[in-house]
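Single-structure report; data block below.
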Amino acid sequence: MLVWLAEHLVKYYSGFNVFSYLTFRAIVSLLTALFISLWMGPRMIARLQKLSFGQVVRNDGPESHFSKRGTPTMGGIMILTAIVVSVLLWAYPSNPYVWCVLTVLIGYGIIGFVDDYRKVVRKDTKGLIARWKYFWMSVIALGVAFALYLAGKDTPATELVVPFFKDVMPQLGLFYILLAYFVIVGTGNAVNLTDGLDGLAIMPTVFVAGGFALVAWATGNMNFANYLHIPYLRHAGELVIVCTAIVGAGLGFLWFNTYPAQVFMGDVGSLALGGALGIIAVLLRQEFLLVIMGGVFVVETLSVILQVGSFKLRGQRIFRMAPIHHHYELKGWPEPRVIVRFWIISLMLVLIGLATLKVR
């Protein structure tokens, strides 16, 4: 929005030309989202406390979590607000990739909001009925995926980028829709599963979004895209603004979510952020890179799948509790130790993922 305004004002004052620089807008997008989160935090927490929107804790969870009962949840509202406002201010409104991300972000945020509302108001730990949750998540994911397929059919926008192989970029055809669907829905649920400890989900989200900001910049720059042997996508550059907004909003939220948390993001935050990371990976044609950089989310999800599968097939559990972060809690690890070690692993995986762009 401000970019368009600056384009009209630059003829009166050349200094407004700074708004055309992607790096400048990326920095101010991050700072804008950060300050909005920090400003909203105390007000959001006070409002949630007044409404008695407190966390519902399962009775079969770790005993250390019982003290979290009643902590304000649905703090993801301030994350989404910060991201959306920052993106609308600093990104080109005409960019279709930006609107794809905002569609998934807001759509999944609404689904998460309904889920959280049922939990905190009706005191139902299950929240929104699973089949309805997945139905609406699927509708949004398939709708966006189908639109992207029609717009980018038989172009680099629907090719599959394979790590380590610079000349292997098969055209996916209709399989693109299926792949995009699983990436968006899967990542939304993966981040949701990871959000079980104070700050555990938000920092890996920040790391992955920061990594994708660099990838988006390279993908939207023809020279760097050719140098790295990745598809050049002319709309990809504006995703830098989206990614840095996620980073800023995430850091602002972490100020209040760090151990011991004053507020939880809830499903309104985790589903939305996961879906956003998923669609960003799809738009950049970096689904494999998401698996590497988001390895913490992948392991958390696999631990649940393996736990459920093992119990149904063998009647035995692999872990003391799933997702796997609870397993380490029950082994005696203090919560801050689990959180920080997962952060370290996440940062390492993001750096490894970025390195694969050059190893081709």
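A Cβ is built for glycine as well, from the same backbone N, Cα and C atoms used for every other residue.
Per Swiss-Prot, these features apply:
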type	residues	note
TRANSMEM	26-46	transmembrane segment
TRANSMEM	72-92	transmembrane segment
TRANSMEM	94-114	transmembrane segment
TRANSMEM	132-152	transmembrane segment
TRANSMEM	168-188	transmembrane segment
TRANSMEM	199-219	transmembrane segment
TRANSMEM	236-256	transmembrane segment
TRANSMEM	263-283	transmembrane segment
TRANSMEM	288-308	transmembrane segment
TRANSMEM	338-358	transmembrane segment
Top Cβ-contact partner of the transmembrane segment (236-256) among 26-46, 132-152, 288-308 (pairs under 8 Å): 26-46
Interface check, the transmembrane segment (132-152) with the transmembrane segment (26-46), three or more C-beta pairs under 8 A: no
Recorded stretch, among 168-188, 263-283, 338-358, maximising Cβ pairs under 8 Å relative to the transmembrane segment (94-114): 263-283
Residues of the parent chain within Cβ reach of the transmembrane segment (263-283), under 8 Å, 6 or more residues beyond its termini: 41, 44-45, 48, 55, 68, 71-77, 79-80, 83, 97, 100-101, 104-109, 111-113, 115-116, 127, 137, 140-141, 144-145, 148, 179-180, 183-192, 194-195, 201-202, 205, 208-209, 212, 216, 233, 235-236, 239, 242-243, 246, 250, 253, 256-257, 289-290, 294, 297
Two-stretch contact, the transmembrane segment (168-188) and the transmembrane segment (288-308), at least three Cβ pairs under 8 Å: yes
Long-range Cβ neighbours of the transmembrane segment (288-308) (under 8 Å; 6 or more residues past either end): 161-163, 183, 186-187, 189-191, 193-194, 204, 207-208, 211-212, 215, 274, 277-278, 281, 317-319, 322-325, 327, 342, 345-346, 349-350, 352-354, 356-357
Tertiary contacts of the transmembrane segment (338-358), as residues 6+ beyond its ends and Cβ separation under 8 Å: 163-164, 197-200, 203-204, 207-208, 210-211, 214-215, 218, 228, 230, 259, 289, 292-296, 325, 328-329
Close approaches to the transmembrane segment (199-219) from elsewhere in its chain (Cβ under 8 angstroms; 6 or more beyond its ends): 22, 26, 191, 225, 228, 230-233, 236-240, 242-244, 246-247, 250-251, 253-254, 257-259, 261, 265, 270, 273-274, 277, 280-281, 284-286, 289-290, 293-294, 296-297, 325, 338-339, 342-343, 346-347, 350, 353-354, 357
